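K.L.:
Pasting a structure below so you can have a look.
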Amino acid sequence: MVKVQSIQSQAVHAEERAHEADHPSSQVALFGADQPLRLDCGVDLAPFQIAYQTYGALNADKSNAILVCHALTGDQHVANIHPVTGKPGWWQTLVGPGKPLDPERFFIICSNVIGSCMGSTGPSSTNPLTGKPWGLDFPIITIPDMVRAQAMLIDRLGIDRLFCVVGGSMGGMQTLQWSVAYPKRVASALAIACSTRHSAQNIAFHELGRQAVMADPEWHHGRYYEEGSYPHRGLGVARMAAHITYLSDAALHRKFGRRMQDRELPTFSFDADFQVESYLRYQGSSFVERFDANSYLYLTRAMDYFDIAADHDGVLAEAFRDTTTRFCVVSFTSDWLFPTSESRNVVHALNAGGARVSFAEIETDRGHDAFLLDVPEFVDIVRAFLQSAGVAHGLAGKGH
């Protein structure tokens, strides 16, 4: 039996913005001082906690567990109503009864990554040594750190081997890291719209966002929790800039074009005359109500540092040498954040390492965010891969 606890109150922003800590809807695994998380930066993080959601039930031989890894600003609420926003889970296109990740067949786990702000320990959590929010005293974390923490959670749940690890964007990075760090614990891996290392362009976009946050006078060098302020403007601008990279020119043209917002003529001012301006402002303002600015700094930095080949003398294929994991790599034609060329590099490395891998490039103009949207071909590919992996690993037809 897994010992879990409801999320207890952690540090909240001075303006009493809603946090997962205020809505104890997740389970939490607590790890004490005797179970530290060794971070790549050399720090042992302890105590710490991981907030997570589960859907479905673990079968008798514990062979039907799927770990879903969320993206940069995602969280553990993959298929339930979000306790803060009241919106449906972020991957309802894939997770749910009759869908590819069916809780009537699989035991689905999704945890909030270390460093985030939806219940897992991060910079907005209380530093046990000071009794105050960590802020920038929180240690730098990496994608491998996130995966090590997830592995500790999977151990706590009593699961030796995962049937599948699946994720898109930063979640895809975690998926690939799982397959490298714990190859015997991952039967299959579905890596979507991602790469094995962040490009210079993506690092540049992240630096733009971080500088926007840090330039906000309300940031207070990360100590805004204690100052009774919050860097709304900086984080909002960071989100607006990032959101553009998740879309495509065709999608923006189709959705907005040059149409005016509630007017026929320009105001000859700096108001949001165009619909696309109003849309971006909404994206920025709604984001700051659910996400912590320091967490944004930490998680973007974790993505920037990610480079699987770096630990294998720069030879990516060596990271996957003789792996027994079955892979499916998916890209989207209009994704310019993680273009198909990067997915092909992953596939080539997997092939060179002797891995079993299938690859799909999906034609769509919906940009990077296509993996979060209802794209029928994508849904069909995920379903087919899980079915074939289930047959290969003796899971087909098994109940709970």
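Just so it is clear, glycine is given a Cβ too, placed from its N, Cα and C backbone atoms.
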K.L.:
So which range, 1-24, 217-240, 241-264, gets flagged region 'Disordered' in Swiss-Prot?
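P.N.:
Result: 1-24 is the stretch Swiss-Prot calls region 'Disordered'.
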K.L.:
In three-state terms from DSSP, label Ser169 (active site, nucleophile) for me.
P.N.:
coil
K.L.:
Looking only at Cβ atoms, how many others are within 10 Å of the one on Arg239 (substrate binding site)?
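P.N.:
So the number of other Cβ atoms within 10 Å of Arg239 (substrate binding site) is 23.
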K.L.:
Same chain only, sequence gap of 6 or more: which residues have a CB within under 8 Å of the CB of Asp369 (substrate binding site)?
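P.N.:
Long-range Cβ contacts: Tyr246, Leu247.
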K.L.:
Give the distance between the Cα atoms of Arg239 (substrate binding site) and Ser169 (active site, nucleophile), rounded to the nearest whole Å.
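P.N.:
Roughly 16 Å, rounded to the nearest whole number.
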